[in-house]
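Per Swiss-Prot, the features are:
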type	residues	note
DISULFID	Cys41-Cys55	disulfide bond
DISULFID	Cys48-Cys60	disulfide bond
DISULFID	Cys54-Cys69	disulfide bond
SIGNAL	1-20	signal peptide
Amino acid sequence: MKSSIHVVLFFLLSLVASMALPRRQAQAPFAVVDFSGKAACHSILTSCRVDTDCCAGLKCGIFDEDALCVPQG
């Protein structure tokens, strides 16, 4: 009986202590990326929707029902 009271008290104290301590916040939860007004291009063998999604020298091609950036030519 005495040990169960100790367990309950320990649980309640740890619960109160965890609520009282402030949680540490990350300095920057989201990274801000600036592409100077232009979205980043997709590299070779990455998914795309149109040719303009792909980097220079690549085009958007269909392979096995997937659209991928592939070399032109």
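Residue numbers in this text run from 1 along the chain shown.
Glycine residues also receive a Cβ, built from the backbone N, Cα and C atoms like all the rest.
Structure with Swiss-Prot features highlighted.
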| residue | record | Cβ neighbours (10 Å) |
| --- | --- | --- |
| Cys41 | disulfide bond | 15 |
| Cys48 | disulfide bond | 20 |
| Cys54 | disulfide bond | 24 |
| Cys55 | disulfide bond | 13 |
| Cys60 | disulfide bond | 17 |
| Cys69 | disulfide bond | 21 |
Query: Cβ under 8 Å to the signal peptide (1-20), counting only same-chain residues 6 or more beyond its ends: which ones?
result: none
Query: Just the number: how many Å between the Cα atoms of Cys60 (disulfide bond) and Cys69 (disulfide bond)?
result: 5
- request: Can you grab the distance from Cys69 (disulfide bond) over to Cys48 (disulfide bond)? Cα atoms, rounded to a whole Å.
  value: 6
Task: Pop the Cα-Cα gap between Cys48 (disulfide bond) and Cys55 (disulfide bond) into the table, whole Å please.
output: 10
